[in-house]
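K.L.:
Quick one: the structure is below, questions incoming.
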Amino acid sequence: MVLGSRNRKISTLSRDTKNWELNKMSSADEPLYPIAVLIDELKNDDIQLRLNSIRRLSTIARALGEERTRRELIPFLSENNDDDDEVLLAMAEELGVFIPYVGGVEHASVLLPPLETLCTVEETCVRDKAVESLCRIGSQMRESDLVEYFIPLVKRLAAGEWFTARVSACGLFHIAYASAPETSKTELRSIYSQLCQDDMPMVRRSAASNLGKFAATVEYPHLKADVVSIFEDLTQDDQDSVRLLAVEGCAALGKLLEPQDCVAHILPVIVNFSQDKSWRVRYMVANQLYELCEAVGPEPTRTELVPAYVRLLRDNEAEVRIAAAGKVTKFCRILNPDLAIQHILPCVKELSSDSSQHVRSALASVIMGMAPVLGKEATIEQLLPIFLSLLKDEFPDVRLNIISKLDQVNQVIGIDLLSQSLLPAIVELAEDRHWRVRLAIIEYIPLLASQLGVGFFDDKLGALCMQWLQDKVHSIREAAANNLKRLAEEFGPEWAMQHIIPQVLEMSNNSHYLYRMTILRAISLLAPVMGPEITCSNLLPVVVAASKDRVPNIKFNVAKVLESIFPIVDQSVVEKTIRPCLVELSEDPDVDVRFFSNQALQAIDHVMMSS
């Protein structure tokens with residue numbers, strides 16, 4: 001059958017699938033839209049309907065069968081490239097997983113033409129998705145089909161008149177090269193070299209960003225001779241956007257080359273890049289430098305990379321210092337402790353009082369990890385003062401980052417020293433004006449409690465845990481209630497009965513209804529930990545009393561709490577206490593109170609019936 005216009009094609013597909021749809025709808029594994037409707041939607045003026053149909057291409061393909069999908073649907077999609085970008089993006093994504101619908105890998109080549117067309121469109125995200133789908137299909141294709149269909153496709157794109165085709169081609173070489181015959185491999189290396197010298201910066205950027213993947217497939221002699229030469233050309237590009245992508249290639253090539261070749265070809269480049277005139281290039285170096293240390297070995301790291309890293313830590317641009325500060329622990333792990341103390345630690349001290357709050361924040365997020373690297377003595381002498389200064393930083397994110405990693409320091413210096421030096425600062429932060437800082441402290445309390453032990457905790461931190469239940473911020477009160485539950489789990493019901501329950505119950509009469517709601521939440525969390533006996537004797541009476549509250553929000557929360565704790569207690573308690581309370585609430589004037597109390601009653605009835 002020769003298909004004509006777009007509308008004629010779709011009408012034909014639609015008509016021929018109606019009988020299939022009628023026969024299959026009753027026995028299908030999943031409820032499907034009528035297939036004919038889906039096909040008709042491909043020509044609709046409404047973009048949302050076209051998008052819906054494209055996303056259900058697999059359904060249409062199953063309706064048509066493998067042969068007609070190859071013969072009619074795929075050619076139609078090849079021509080349907082003038083659509084909205086969102087539709088084209090969906091099409092590129094769908095075709096990537098379409099091999100089963102065209103008859104398996106032996107027919108995978110029929111999917112290449114529509115994706116080749118999508119690789120040339122102007123919208124970047126469509127091209128990227130088309131390249132991703134081509135790589136997925138190419139990785140499954142038979143070697144003979146790769147040579148016959150995929151490699152010519154890559155060559156056509158690389159020779160494309162419009163730059164978009166050449167940009168897309170760069171992302172396909174690593175798939176094509178591995179299965180290419182020797183003559184084609186030579187040609188592919190030559191073509192890639194030409195793309196790296198393309199007139200359009202966008203093409204050179206794509207070649208630079210994909211160089212690592214391509215290099216990983218190239219044989220070692222050609223890697224040294226050809227790929228390194230290509231890489232050196234990219235590192236001298238006049239566009240900083242190309243050079244910064246070449247930095248990523250440094251790390252990728254460094255892992256592929258022998259140490260001596262890495263020192264000869266990659267090390268000079270990275271040292272020069274660390275002093276590049278563009279801060280964006282230096283930023284990329286700061287992010288990648290630690291990866292190169294393992295590739296070049298200890299001696300070049302000490303003589304060349306450590307000075308380069310120190311320069312980056314003291315860079316004029318805050319963005320570069322942020323990137324370098326964020327990698328300080330990873331870099332120190334590669335060095336021996338003496339080198340780290342001698343060269344890196346002085347820079348860390350400077351960064352802890354940096355003028356940029358974002359630099360200090362980046363440092364605070366990783367500096368605690370330096371403690372295991374430097375050891376106990378250096379941590380106590382050198383790092384503890386820095387920790388304390390960052391804990392008192394005026395910027396809340398800096399304080400948060402330090403708090404969240406305290407356990408790493410505890411492992412090195414021990415809890416006694418930690419409590420003497422850092423605990424006063426932690427107690428001070430518990431009343432911080434920024435609620436997120438208070439929240440971070442609350443979430444750290446159970447871990448701190450397990451490290452400090454019950455006696456120390458009662459003396460220093462017990463009162464804080466009750467204080468947070470009456471915080472002005474809901475998230476803090478919610479976290480405080482969860483905190484009590486975790487503490488009860490850590491120290492046991494007997495401790496909780498002595499130190500938590502009496503104070504919680506005392507707060508149940510607070511004049512502010514929001515605080516009374518927090519107490520109900522705390523009771524619902526504590527009940528499973530405390531067990532049925534304490535729940536019935538101490539917690540349940542408070543909940544039942546709260547059902548008489550004048551505020552509807554309290555009453556429907558009572559219903560929620562009763563629903564959560566009834567599985568814990570005996571059936572007799574449910575019938576004598578919980579059910580009568582819920583029945584009374586189910587007749588409340590407030591609609592929400594009635595809803596939640598009836599929901600709780602239904603839950604009780606359901607459990608009783610099933611048991």
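Count begins at 1; order follows the chain as displayed.
The backbone N, Cα and C atoms fix where each Cβ goes, glycine too.
TrEMBL lists 34-72, 188-226, 227-265, 266-304, 305-343, 344-382, 383-421, 422-460, 461-499, 500-538, 539-577, 578-611 with the feature repeat 'HEAT'.
Tell me what's around each of these sites.
P.N.:
Taken together, the residues of the repeat 'HEAT' (188-226) have an average pLDDT of 84.
For the repeat 'HEAT' (344-382), the list of distant contacts is 306, 309-310, 313-314, 318, 321-323, 325-333, 335, 337, 389-390, 393-395, 397-399, 401-402, 405-406, 408-409, 411-413, 417: same-chain residues at least six beyond its ends, Cβ to Cβ under 8 Å.
According to DSSP, the secondary structure content of the repeat 'HEAT' (500-538) in residues is 32 helix, 0 strand, 7 coil.
Broken down by DSSP into helix, strand and coil, the repeat 'HEAT' (539-577) contains 29 helix, 0 strand, 10 coil.
Within the chain carrying the repeat 'HEAT' (578-611), a Cβ under 8 angstroms from the stretch's Cβ atoms is held by residues 540, 544, 547, 552, 555-556, 558-560, 562-563, 566-567, 569, 571, all 6 or more beyond its ends.
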K.L.:
Six or more residues beyond either end and a Cβ under 8 Å away: which residues meet both conditions relative to the repeat 'HEAT' (266-304)?
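P.N.:
For the repeat 'HEAT' (266-304), the sequence-distant neighbours (Cβ-Cβ under 8 Å, at least 6 residues beyond its ends) are 231-232, 235, 240-241, 243-244, 246-248, 250-251, 253-255, 257, 259, 311-312, 315-317, 319-320, 323-324, 327, 330-331, 334-335, 339.
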K.L.:
Would you mind listing the long-range same-chain contacts of the repeat 'HEAT' (188-226), meaning Cβ under 8 Å and 6+ residues beyond its ends?
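P.N.:
Distal contacts: 151, 154-155, 158, 163, 166-171, 173-174, 176-178, 180, 233-234, 237, 239, 241-242, 245-246, 248-249, 251-253, 256-257, 261.
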K.L.:
Would you list the DSSP helix, strand and coil counts for the residues of the repeat 'HEAT' (266-304)?
P.N.:
32 helix, 0 strand, 7 coil
K.L.:
Within the repeat 'HEAT' (188-226), how many residues are helix, strand or coil going by DSSP?
P.N.:
30 helix, 0 strand, 9 coil
K.L.:
What residues in the same chain, six or more past the boundaries of the repeat 'HEAT' (461-499), come closer than 8 Å to it by Cβ-Cβ distance?
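P.N.:
Answer is 427, 430, 435, 438-439, 442-443, 445-446, 448-450, 452, 454, 507, 510, 514-515, 518-519, 521-522, 525-526, 529-531, 534, 538.
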